[in-house]
Structures are given as C-alpha cells and as structure tokens.
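K.L.:
This is the feature table in Swiss-Prot:
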- 5-25: transmembrane segment (TRANSMEM)
- 35-55: transmembrane segment (TRANSMEM)
- 68-88: transmembrane segment (TRANSMEM)
- G76, T79: Na(+) binding site (BINDING)
- 100-120: transmembrane segment (TRANSMEM)
Amino acid sequence: MQATLMVALGGAIGSVARYWLALLMLPISRELPWGTIVINIAGSFAISFFGALTLEQGRFPIPEIWRLAFMVGVCGGFTTFSSFSLQTMDLLRAGQPGKALFNIGFSVVLCLIAVWLGLLAAERFNGGIEQVAQNVIEEEAS
C-alpha cells in the first residue's frame, strides 16, 4: 500500500511538471508538438540516469520505494507516450505525413540518445558503463 501511495504521489508530481513544461513550450509548438518531444527526451534521460545511480550497486543506492516513486511515478506521470501517439495521429489525419514521420523519428532517436546519455552520466558516479549496464540488466531480471 505504501508503494502504491508513493507511485501515486510521484505520478502527481510528474503530471504537474509535464503540464507546466508543455505550457512553457506552447509558443514554439505551433507546427510540431515540441513540448511533448522535450518532455519525452528529458524523461528518457531522467529515468536512465536516476535508475542507474540508485541501484543497489550504484553510487547512490536508495530504498526501492523511492526508486518506484521516481521511476514509475514521476517519470510515468511526466513522460507522454500516449500524448505523442495521439499528436502523431493528429498530424497524419491532418494530411501532414512528413511532420508525423519527423515527430516519430526525432522523438524516438533523441529519447534513445537521452537514455544513452543518462547511462553515460551515471557511469561517472558508478565506475564504468559496462557495470552500469550490467546492473540495470540484473535489476530488470529480478
């Protein structure tokens, strides 16, 4: 029950942060959903960086409940894959397949790069990218 409450609290924080950032990005989001793109890239970096640093074997290990609160709650509430999907479909339905493909490619590639950069940044704290990657794999398997 405590974990559920922590995830819910994290989700509320992430959702509000997403809303505020999307509002800040509105002036430049006329042609493409830049707020959603930036949010997904930032969330991809945050989940990998925080996740790698806070593993039991990481530089800053923390209790699992706090990892859940941030990774499932905050990052889950903050990132916007459903919004990304809907906005891409809206571009397609508006007869703008080029913009839709750009949105897909740009978002996916930069989110993958953000995850990679998050892992590299965590490497500085944890002592080697191979160890970070192995720790993440082991954590996911358990």
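Yeah, the Cβs are placed from backbone N, Cα and C, and that goes for glycine too.
Note that the structure is a prediction, hence the values are computed from the model and not measured.
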K.L.:
Thinking of Cβ pairs under 8 Å, which stretch from 5-25, 35-55, 68-88 has the most of them with the transmembrane segment (100-120)?
P.N.:
35-55
K.L.:
Taking the Cβ of T79 (Na(+) binding site) as the reference point, list residues of the same chain whose Cβ is under 8 angstroms away and which are at least six residues distant in sequence.
P.N.:
G14, R18, I39, N40, G43, S44, I47
K.L.:
Measuring CB to CB from G76 (Na(+) binding site), give everything in the same chain under 8 Å that is also at least six residues away in sequence.
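P.N.:
Looking at Cβ-Cβ distances below 8 Å from G76 (Na(+) binding site), excluding near sequence neighbours, one finds V7, G10, G11, G14.
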K.L.:
Reduce the DSSP letter at G76 (Na(+) binding site) to three states and note it down.
P.N.:
helix
